[in-house]
Amino acid sequence: MGLLDGNPANETSLVLLLFADFSSMLGCMAVLIGFWRLKLLRNHVTKVIACFCATSFCKDFPSTILTLTNTAVNGGFPCYLYAIVITYGSFACWLWTLCLAISIYMLIVKREPEPERFEKYYYLLCWGLPLISTIVMLAKNTVQFVGNWCWIGVSFTGYRFGLFYGPFLFIWAISAVLVGLTSRYTYVVIHNGVSDNKEKHLTYQFKLINYIIVFLVCWVFAVVNRIVNGLNMFPPALNILHTYLSVSHGFWASVTFIYNNPLMWRYFGAKILTVFTFFGYFTDVQKKLEKNKNNNNPSPYSSSRGTSGKTMGGHPTGDDVQCSSDMEQCSLERHPNMVNNQQNLNNNYGLQQNYNDEGSSSSSLSSSDEEKQTVEMQNIQISTSTNGQGNN
């Protein structure tokens, strides 16, 4: 059987499948190259994102080869391999998305000083747990060719949801709760007067939740389609949405990661526009991006008002937590007695600490006794960049 069988619906689905696979691989590769080239981006959160992209790429590459060679249609080892790649790879990507939500929550809300200590558990969870579903799928002999790929057969609806879509809904629900708690925390901080740039904080809030929105949108049609398939209905439009969006999750997640990080889109913007400068186009824009590609957004610490330790209605005030308008920066100011216990923390993974005396603070203390005291603060930056020194 050839790659195209003459059925318009199947051919459309196949073309979208290949397009989604290739775009997903390119997107993930771009993010990995960005993390490799830009040392400023090397922190705990970006390590989690890199693991997601690496997992997605390793899922999409063999899937693309199997689709192009059309060997899975005859069953046997290629068909089983295709089913393994889909089940294990997709499950692992979901879990890395959950770990990203956990990391951001721990850094912003819980102010975890050493988030990298959880990484070994992330590896075990994300690359170990999917083995269970994969082994059960193979042991129960549920694998069949189901259209454009091999997976759990149509007659095994219970296994489809028990081994795959049930865990997806559970993982997404936990991720959504963590993102909601993080967004609520930053919302309270912002509305307690944390910044003079409140009009930009809508963008900040969006960057905190957009990756989980992408996660849901890319897989919700797959869930709906499998429910409909369980009712012995196979609408072509729903199948096409399922095929493209679920397979292209890596691409849209990569677009989100690049959008959330000014360093990365400046870097790629400068590289892309270099081609056009040979023809005299976008010269000024390219020079501006090239000049600023290693510039992070200004640290919120630069507009610090000092520490007060006050709370408002049980919530942190603007003096306790300061968030910039971009997701990649959020500084949390702590009291001296909290900072003294953490002066030896490792700064390599997005934990940048600045201990300044009163003379370098942006706010001055009124009484002479207060002027003699040292105000110590800690800046913690989260997400996809650090505001430190580094080389391209």
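Residue numbering: from 1, along the chain as shown.
In case you wondered, yes, glycine gets a Cβ from its N, Cα and C as well.
Because the structure is a prediction, the values reported are computed rather than measured.
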Checklist entry - Would you say Swiss-Prot puts ASN10 and LEU231 in the same topological domain with respect to the membrane? => result yes
Next on the checklist: For the candidates SER303, SER383, I need the one that Swiss-Prot annotates as phosphoserine.
Outcome noted: SER303
Checklist outcome for this item: Between SER304, SER385, the phosphoserine label in Swiss-Prot belongs to SER304
Checklist entry - Which residue among SER195, SER302 does Swiss-Prot mark as phosphoserine? => result SER302
Item to check | Stretch-level contact, the transmembrane segment (84-109) and the transmembrane segment (14-33), CB cutoff 8 A, at least 3 pairs | outcome: no
Checklist entry - Under 8 Å, at least three CB pairs between the transmembrane segment (48-68) and the transmembrane segment (236-260) (pairs 6 or more apart)? => result yes
Item to check | Cβ-Cβ under 8 Å with the transmembrane segment (236-260): same-chain residues at least 6 beyond its ends | outcome: 9, 12-13, 16-17, 19-21, 23-28, 30-31, 34, 49, 52-53, 56-57, 59-60, 63, 90, 93, 97, 147-148, 207, 210-211, 214-215, 217-219, 221-222, 224-226, 228, 268, 326-328, 383-384
Next on the checklist: I'd like the per-state residue tally for the topological domain 'Cytoplasmic' (110-120) from DSSP, helix first, then strand, then coil.
Outcome noted: 6 helix, 0 strand, 5 coil
Item to check | Long-range neighbours of the transmembrane segment (14-33), counting only residues six or more past its ends (CB under 8 A) | outcome: 3-4, 49-50, 53-54, 56-57, 60-61, 63-64, 67-68, 148-149, 240, 243-245, 247-255, 257-258, 264, 268
Next on the checklist: Let me spell it out: take the transmembrane segment (206-224), skip the flanking residues so only those 6+ beyond its ends count, and list any with a Cβ under 8 Å from a Cβ in it.
Outcome noted: 94, 97, 100-101, 104, 165, 168-169, 172, 175-176, 179, 182-183, 186, 238, 241-242, 245-246, 248-249, 252-253, 256-257, 259-260, 326-328, 383
